[in-house]
């Protein structure tokens, strides 16, 4: 979804909380046509906002590939769950524990690595995560007992942590706020699509007699190695101290204007202007600097250990901000449903009357993937039109909560999908109905994921990295809890009872957008002092 830009600091700085956004400025003909650029660009040749389009597109593509890979790795093991039980005697409960630890690894990894990304740049963090993905994949290919299975999934969970927060932070470095919607859509497509593509590809691998389920791990390690090469040699650093450069440019402007306004244009003034200009002329980065593993800002040097320890204490303070909680719950709900319908697919559909093979079960991910793409298209394109329409009706100003109107249909769409799949599976309805239900579930994920993340970023634009960590911790907590609950719940009740309950949960969680629409701005007002104090802590 295209995101407008914040008016905070641009107009009415003492009246508008972050999330009250100015999409258009008033043109000479009194029409609202000129888009406001937020964050403001600098004159530095090293400003990521000033990169050429091809550099931005390549950087985005590399991150999307990375996100899709680690997301796919996290869901591949489900296709081998039947083989793990048959060959190695690993119980379904032990497998569920390994998946729960994967979620714990993702949330914990995001929390521990986010301060590193802020202090030394994201590139080294990406490399660490990909290395964990390689190690986890190799472990999975060599599994002989429950212990190694759990360790492999924990490592893969850490690999996924880079996609939980840092990718969004990196993308926000190179795009203006009104351009971030498409980037968010691609991110949601990669991380959610990977969750469906992973089992799809893994199902074909398991079904291939020449390969077998262990090749899920080997192929994952090979792909991770290729992505490691991509990140190591082609991913640039986006670390840039924007506030420092903007402040220095204001000093230069003051230095230029002061002698003019005072009527003095002597040599001293010229010398001061030249000296001040040189102070921010940091020169264009060399190739070695652009692709460096570690990029430490001048303001951070000598403080990294102390600031890292402080960030571990400071970051959780944003977890209670309203939009972070909302986005975390919306995203976590989708992970929770995923645990249930993938479990049903991997157990019920191998048995009569369905008697599916590995490929047929894997292909059940296709309708989810189609629905996901349609949900993202709806969020981006219809959402973009909706944003512009509402902003022009409100003198160019847009409130962040307006976009939440677009989530409300999901209270019915997502719930209908869960009902069609769960009840249809138990009552053996024809496959088009069941697959249509899976498509609705995918649409729900794509739409809710894109819009809730967009809302969070609009509400808290100066703390995207830390807030995404909060979202990652919340949604992976959901995933962990519901993974433990899925097995006993499905064993203790019928599919109809379970999926009716999930449909009700989805309706309640999704319709929660309505009170956020009504009270969201008030909550932003009430949390404004906390948010400002939090941002000050990031900068200190």
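Yeah, the Cβs are placed from backbone N, Cα and C, and that goes for glycine too.
What TrEMBL says about a protein is an automatic prediction, not a curated fact.
Range annotated as transmembrane segment by TrEMBL, chosen from 286-309, 310-333: 310-333.
It is 463-486 that, among the stretches 402-423, 463-486, 498-520, forms the most Cβ pairs under 8 Å with the transmembrane segment (149-171). Of the two recorded stretches, the transmembrane segment (359-381) lies close to the transmembrane segment (429-451), with three or more CB pairs under 8 Å once pairs fewer than 6 apart in sequence are set aside. When Cβ-Cβ distances below 8 Å are used as the criterion, the transmembrane segment (463-486) is approached by residues 96-97, 99-100, 103-104, 106-107, 110-111, 114, 117-118, 161, 164-166, 168-169, 172, 314-316, 318-319, 321, 323-325, 327-329, 331-336, 338-340, 343, 453, 456-457, 531, 534-535, 538 of the same chain, each at least six residues removed from its ends. Residues 1, 184-185, 188-189, 192, 196, 330-331, 333-334, 337, 341, 364, 367-376, 378-380, 383, 403-404, 406-407, 409-410, 413-414, 416-421, 423, 506, 510 of the same chain, all 6+ positions outside the transmembrane segment (429-451), place their C-beta atoms under 8 angstroms from a C-beta of that stretch.
Remote same-chain partners of the transmembrane segment (183-206), defined as residues 6 or more beyond its termini with a Cβ less than 8 Å from a stretch Cβ, comprise 1, 3, 60, 63-65, 67-80, 83, 163, 167-168, 171, 175, 212-213, 215-216, 219, 334, 338, 342, 358-359, 361-363, 365-366, 368-369, 372-373, 376, 379-380, 442, 445-446, 449-450, 453-454, 457. For the transmembrane segment (310-333), the partner stretch with the most Cβ pairs below 8 Å, chosen from 124-143, 212-235, 402-423, 498-520, is 498-520.
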